[in-house]
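Novice: Here's the feature list from Swiss-Prot:
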- 88: active site, proton donor (ACT_SITE)
- 22, 56, 57, 58, 80, 81, 82, 113: 5-amino-6-(D-ribitylamino)uracil binding site (BINDING)
- 85, 86, 127: (2S)-2-hydroxy-3-oxobutyl phosphate binding site (BINDING)
């Protein structure tokens, strides 16, 4: 029996990070977590490229451009969509989720969904580096693991 599993070694790998400016305070915290994870796992700073987009809805397009460029071993999407009084949250969170997944499947480059979809700002803050850890850090670790796992096939 052969078992495939991605390693958490990233020497020489290059990652693109896309961050939504909407809810920038949260996005910035997620970005810090992602950069920390990449550096801790051996990614050189010059192999990390960051693109800021207006909001989560714009992420799939830039993710597709990054993934199709073949410059990156993985792309990490970070941001926060926080529920408000209108159905806008449902539309945005659904479409960005589908868009990110579709880019990954189409390009065969790991495109990692690190976009928080929360009911409150407090929940987002908790997931951006306080009580619930930093989901940006987790997304970066996932990107490293998936980039290495894909090399096995």
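Every residue gets a Cβ built from N, Cα and C, even glycine.
On this model, are these features tucked inside or out on the surface, and what's nearby?
Specialist: Here residue 88 (active site, proton donor) comes close to no residue that lies at least six apart in sequence on the same chain with a C-beta under 8 angstroms from its C-beta.
In three-state terms derived from DSSP, residue 57 (5-amino-6-(D-ribitylamino)uracil binding site) belongs to a helical segment. Within its own chain, residue 57 (5-amino-6-(D-ribitylamino)uracil binding site) has 92, 95, 96 as residues 6 or more apart in sequence whose C-beta sits under 8 angstroms from its own.
Secondary structure at residue 127 ((2S)-2-hydroxy-3-oxobutyl phosphate binding site), as computed by DSSP, is helix.
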Novice: In Å, rounded, how far does the Cα of residue 58 (5-amino-6-(D-ribitylamino)uracil binding site) sit from the Cα of residue 85 ((2S)-2-hydroxy-3-oxobutyl phosphate binding site)?
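Specialist: With distance taken Cα to Cα, residue 85 ((2S)-2-hydroxy-3-oxobutyl phosphate binding site) is 22 Å from residue 58 (5-amino-6-(D-ribitylamino)uracil binding site).
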Novice: Does residue 80 (5-amino-6-(D-ribitylamino)uracil binding site) have same-chain partners at least 6 apart in sequence with Cβ under 8 Å from its own Cβ, and which are they?
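Specialist: 20, 22, 23, 26, 27, 30, 56, 115, 116, 117, 118, 124, 128 - these are the non-local Cβ neighbours of residue 80 (5-amino-6-(D-ribitylamino)uracil binding site), listed in sequence order.
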Novice: Using all protein chains in view, find how many other C-beta atoms are within 10 Å of the C-beta of residue 82 (5-amino-6-(D-ribitylamino)uracil binding site).
Specialist: 18
Novice: DSSP secondary structure for residue 113 (5-amino-6-(D-ribitylamino)uracil binding site), reduced to helix/strand/coil, please.
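Specialist: Its secondary structure by DSSP: strand.
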Novice: About how far apart, in whole Å, are the alpha carbons (Cα) of residue 127 ((2S)-2-hydroxy-3-oxobutyl phosphate binding site) and residue 82 (5-amino-6-(D-ribitylamino)uracil binding site)?
Specialist: 12
